[in-house]
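S.K.: Right, I'll just put the structure down here and ask away after.
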Amino acid sequence: RTCYKTPSVKPETCPHGENICYTETWCDAWCSQRGKRVELGCAATCPKVKAGVGIKCCSTDNCNPFPVWNPRG
């Protein structure tokens, strides 16, 4: 399996046994100016996250590109 990974945001081969790609998003102190923080990677199972953290998991190659944010205006 290949997934996008941060910080490079380029497709990389996942370690053996990690067949899930994920996109995790959350707000920090700069969220209102910079948008949500994003982490991309591979996992054996879809990661469990805390309240306030978004997670999307998928199981095809390169299915977790960096999210496109709608500009405020």
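Every residue, even glycine, has its Cβ placed from backbone N, Cα and C.
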S.K.: Going by Swiss-Prot, which one of C42, C46, C57 is joined to C14 by a disulfide bond?
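M.R.: Matching partner in the record: C42.
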S.K.: Can you sort out which of C46, C63 is the disulfide partner Swiss-Prot gives for C58?
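M.R.: Disulfide partner per Swiss-Prot record: C63.
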S.K.: Would you pick out, from the disulfide-bonded residues C27, C31, C42, C63, the residue whose Cβ has the largest number of other Cβ atoms within 10 Å?
M.R.: C42
S.K.: Applying a 10 Å Cβ distance cut-off over all chains shown, what neighbour count does C57 (disulfide bond) have?
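M.R.: Here the count is 15.
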